[in-house]
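**Q** Structure incoming, see below.
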Amino acid sequence: MATIQWFPGHMAKARREIQEQLKLVDLVIEICDARIPESSRNPMMNEIVQQKPHLLVLNKTDLADPKQTKAWQQYYEAQGQPTIVTDAQHQNPLNLVQQKANEILKEKLALRAQRGIKNMTIRAMCMGVPNSGKSTFLNRLVGKNVAVTGNRPGVTKNQNWLKTKQNLEILDTPGILWPKFDDQEIGVKLALTGAIKEGLYHEDDVTLFALDYFRNYYPQVLTEKLGVGPKQLELSDPDLLLALTKKFGFKDEYERMAQKIIFDLRKGSLGRITLEQAPVSATEA
Ligand SMILES: Nc1nc2c(ncn2[C@@H]2O[C@H](COP(=O)(O)OP(=O)(O)OP(=O)(O)O)[C@@H](O)[C@H]2O)c(=O)[nH]1
């Protein structure tokens, strides 16, 4: 996981580098975390990508709520943003990407064919915020582990094309973009999913957010996974954390209980949870 600190100079440099890379590709593949689709997208994505065809990937769907993943996909598609869903840890998304890329680039490919150009190779680059799964996704597409360095500030790179088994070639350096860290709640969600380095956030604050979120959207996590009884459900979030601390044998060391909840949430043992709900219009569709 990246440990970059994003300063204005770094952001400007990343943006410049990505804009250079964009000139080389037909398609941008933006990877985000399906558990926090909005919070794991760069705020200036559309501005950075501009007119370049753009495929959005909701990754890590094995950890996300399937209903929400579907609703988010519908929401983005309805906005005209081609979107696929995948779990690059366990699946190879190559066919899905190729199919969608062919659709997105239909006119460009038809034009090439008209001009008698035989080469139908689509050149693409991956980009996304840290921890969204860019390296995992890229390695899956190319079917091997390539050393991915990313365009971290200060790292010089040569452009190399990685071949896939389809008509798709991928730039070997994914673009790393900064997340929307100016909003506190976004920071909390990024921390809960493991996108922020330990020590840079307060585990208890992050856990209190999670308890409140479970209460509102996934009460079964409290009742079934954490064994919270009806009386304890009436407690305030801090008191609930203390009650759970005792229940799990951590005495009054609530930090340990907080760490356990964060750890269990990240590895999926509290169930498949999406930490931001798709807009209602998408869920009703
Ligand atoms: N469960 C699950 N884990 C995933 C998936 N994709 C990636 N991961 C895990 O998420 C973490 C981050 O994945 P990376 O591929 O390193 O992400 P990245 O975007 O390249 O990260 P940076 O190098 O920080 O920019 C790793 O621990 C991966 O194993 C997925 O689809 N499902």
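The backbone N, Cα and C atoms fix where each Cβ goes, and this holds for glycine too.
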**Q** Report the candidate from Gly80, Gly116, Gly143, Gly175 that shares the GTP site with Asn59, Lys60, Thr61, Asp62, Asn131, Ser132, Gly133, Lys134, Ser135, Thr136, as recorded in TrEMBL.
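**A** So, going by the record in TrEMBL, that would be Gly175.
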**Q** Out of Thr61, Asn131, Gly133, Ser135, Gly175, which binding-site residues lie by ligand 1, with a C-beta less than 6 Å from some atom of it?
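**A** Near ligand 1, sequence order: Asn131, Gly133, Ser135.
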**Q** Name the residue among the binding-site residues Thr61, Ser135 whose Cβ has the smallest number of other Cβ atoms within 10 Å.
**A** Ser135
**Q** Have a look at the binding-site residues (Asn59, Asn131) and report the one with the fewest Cβ neighbours inside 10 Å.
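**A** Least crowded of the binding-site residues Asn59, Asn131, by Cβ count within 10 Å, is Asn131.
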